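Taken straight from Swiss-Prot:
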DOMAIN    5-246  domain 'ABC transporter'
BINDING   Gly37, Ala38, Asn39, Gly40, Ser41, Gly42, Lys43, Ser44  ATP binding site
Amino acid sequence: MTPAFELQGVQFAYKGVPALNGLDLTLPLGRRTALLGANGSGKSTLLRLLDGLQFPAAGRISAFGTPLTEAMFTDEAAAIAFRRRVGFVFQNPEVQLFCPSVFDELAFGPLQLHWPKERIRARVARAIAQFGLGPLAGRPPHRLSGGEKKRVALASVLILDPEVLLLDEPTAALDPQATDDIAALLETEFGARNPGRTLIFSSHDLDLVARIADHVVVLEAGKVAAAGPAAEVLARTALLRRARLLPGFDGTAP
C-alpha cells in the first residue's frame with residue numbers, strides 16, 4: 001500500500017539551526033501515529049512540512065506517492081486535491097479561528113470548496129451535534145476556552161472529512177477535563193468507526209499517546225531514534241527518558 005507520507009534525507013533549518021537532519025521516515029495510511037521527542041527535536045517542523053506549509057532545504061517528501069513540492073501548490077487543482085485529503089490543526093488553534101461565530105467557522109471550509117448551500121447547512125448542523133458545539137454555535141471563537149477552541153478547530157477540519165489529520169500537540173495547555181474531551185473525540189473519530197482514517201500527531205503526553213496511538217515515532221535531533229508499534233516503543237523507558245518524556249534522564253542509550 002502507498003504510504004501517506006514518505007521522507008528521504010529531509011533537511012530543514014531555522015536561521016542556520018538544524019531542525020531536521022537527514023530525516024528518513026515512512027508514515028503509513030490507516031494508522032494513528034504519535035510523534036514524540038524533546039522540545040526542538042523536530043516534531044512541529046515535520047508536521048508543517050507534511051502539510052506543505054514549509055519545504056525542505058534538501059531531501060524529498062512524497063504524499064500519497066506524489067512529490068510534495070512548492071511547484072505542486074502553484075497548480076490550483078493539485079493544491080485543492082491535497083487540501084481535501086489532508087487537514088492540519090495547529091498547537092494554538094487561535095491562528096486558524098478567524099470567523100465571527102463558531103457556525104461560520106464550520107461553514108468556512110465547505111464554502112471555500114464550493115459545496116452547495118444545502119449540503120453546507122446539513123453538514124454544519126451534523127458537525128454541531130457530532131462535536132457537542134450546540135451551546136457555542138453563535139459565539140465568537142476568540143471568546144471560548146482553550147479546550148473549546150481546540151474542539152472547534154478540530155471540527156472545522158474534520159467537517160471536510162480529510163483522509164489524513166495532522167495535529168500539533170492537541171492537548172497542550174489544556175486542563176484534565178478538556179484533555180479527556182479531546183482524547184475521547186479522537187478515539188471516536190479515528191477508532192473502529194472510521195478505520196480508513198489516518199492520524200499523525202505530536203505530543204509530550206504519554207498517557208494520551210498510549211490511549212490513542214497504535215504507531216509511535218521518536219525524534220531526536222531531527223532524526224528518527226525509534227519507530228514501531230506503540231506498545232513496544234513506549235516500553236523503552238531509557239529512550240523516553242533521553243527524549244525528556246520521563247523523569248530521570250541519565251544520557252544512557254535505549
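Cβ coordinates are placed from backbone N, Cα and C, and glycine is handled just like the others.
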Next on the checklist: Limited to the domain 'ABC transporter' (5-246), I'd like the whole-number average of pLDDT.
Outcome noted: 95
Next on the checklist: By a 10 A CB contact count over all chains shown, which of the binding-site residues listed here is most packed: Asn39, Ser44?
Outcome noted: Ser44
Checklist entry - Near Ser41 (ATP binding site), which residues of its own chain have a C-beta under 8 A away, given they sit six or more steps off in sequence? => result Leu219, Glu220, Ala221, Gly222, Ala243
Next on the checklist: Restricting to the chain of Gly40 (ATP binding site) and a gap of 6 or more, list residues whose Cβ falls under 8 Å of its Cβ, or answer none.
Outcome noted: Ala19
Next on the checklist: Taking only same-chain residues 6+ apart in sequence, whose CB is under 8 Å from that of Gly42 (ATP binding site), what do you get?
Outcome noted: Phe12, Ala19, Leu20, Asn21, Leu23, Leu219, Ala221, Gly222, Lys223
Checklist entry - What are the non-local neighbours of Gly37 (ATP binding site), defined as same-chain residues 6+ apart in sequence with CB under 8 A from its CB? => result Lys43, Val218, Leu219, Glu220, Ala225, Ala243, Leu245
Checklist entry - What does DSSP say about Lys43 (ATP binding site): helix, strand or coil? => result helix
